[in-house]
Amino acid sequence: MTAAAARLAPAGVGTHRLRIVGARSEPDRPALVAAVADLLVALGRDPTDAHLAETPSRVADAYAELLTPRAFDLTTFPNDEGYDELVMARDIPIHSLCQHHLLPFHGVAHVGYLPGQRILGLSKLARVVELFARDLQVQERLTQQIANWLQDNLAPKGVGVVIEAEHLCMSLRGVRAAGARTVTSALHGALRDDDRSRQEFFALAVGAR
Ligand SMILES: Nc1nc2c(ncn2[C@@H]2O[C@H](COP(=O)(O)OP(=O)(O)OP(=O)(O)O)[C@@H](O)[C@H]2O)c(=O)[nH]1
Ligand SMILES: [Zn+2]
């Protein structure tokens, strides 16, 4: 998925930076523009209408933006003080596109880890969420990808991810269960295997509301 195939050395001194670039193929813009123009015609609309004339290119740009994660530096620092409690970023806004209906799902992600030899720049937790959310997704895979990636690239003692999201395909159409939120989780290391750490993670992630 990313250029971060090289695992960050878990030990070592100083600040480490690893450039992360989403490696997904770029959408074919001309094909996308033509497809949206066809969609408008199929919907019985006049594509020369002043409001619709530029819609195919706007929609193409919108999809390209929604499906392209921003590149970032994965910055880590030595855990000099041996901090050994959870680091938790709660309520990270998350937006993605449902793979089944191409409609948005959105909500919040709670991402935590138990540091090993290095700690992560805090903003990077939200950046890793975006790295995988800007894709055609199902919520279960998205949750696992974030947890797996952090486990592989940060080598912490444990990682936990919870996502709470509303799927517009479930609220606007179909079953029309407006307000229903789907909750998924993925755990690694001590957050999966150690009962106390696991309970603490879930208490911090979802218990405090
Ligand atoms: N597991 C999972 N299912 C999802 C996700 N997003 C959407 N879906 C579901 O994908 C399913 C597709 O089912 P289908 O029966 O083929 O589609 P449909 O006829 O449009 O289904 P309804 O939404 O029930 O009208 C639906 O139940 C959606 O709610 C997701 O992130 N994870
Ligand atoms: Zn859907």
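Cβ coordinates come from backbone N, Cα and C, glycine included.
Feature annotations, courtesy of TrEMBL:
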- 34-204: domain 'GTP cyclohydrolase I' (DOMAIN)
- CYS98, HIS101, CYS169: Zn(2+) binding site (BINDING)
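Just so you know, the Cβ of HIS101 (Zn(2+) binding site) picks up 15 other Cβ atoms within 10 Å once every protein chain is counted. Working note on the binding-site residues CYS98, CYS169: by count of other C-beta atoms within 10 Å of each C-beta, CYS98 ranks first.
Across the domain 'GTP cyclohydrolase I' (34-204), mean pLDDT in this model comes to 97.
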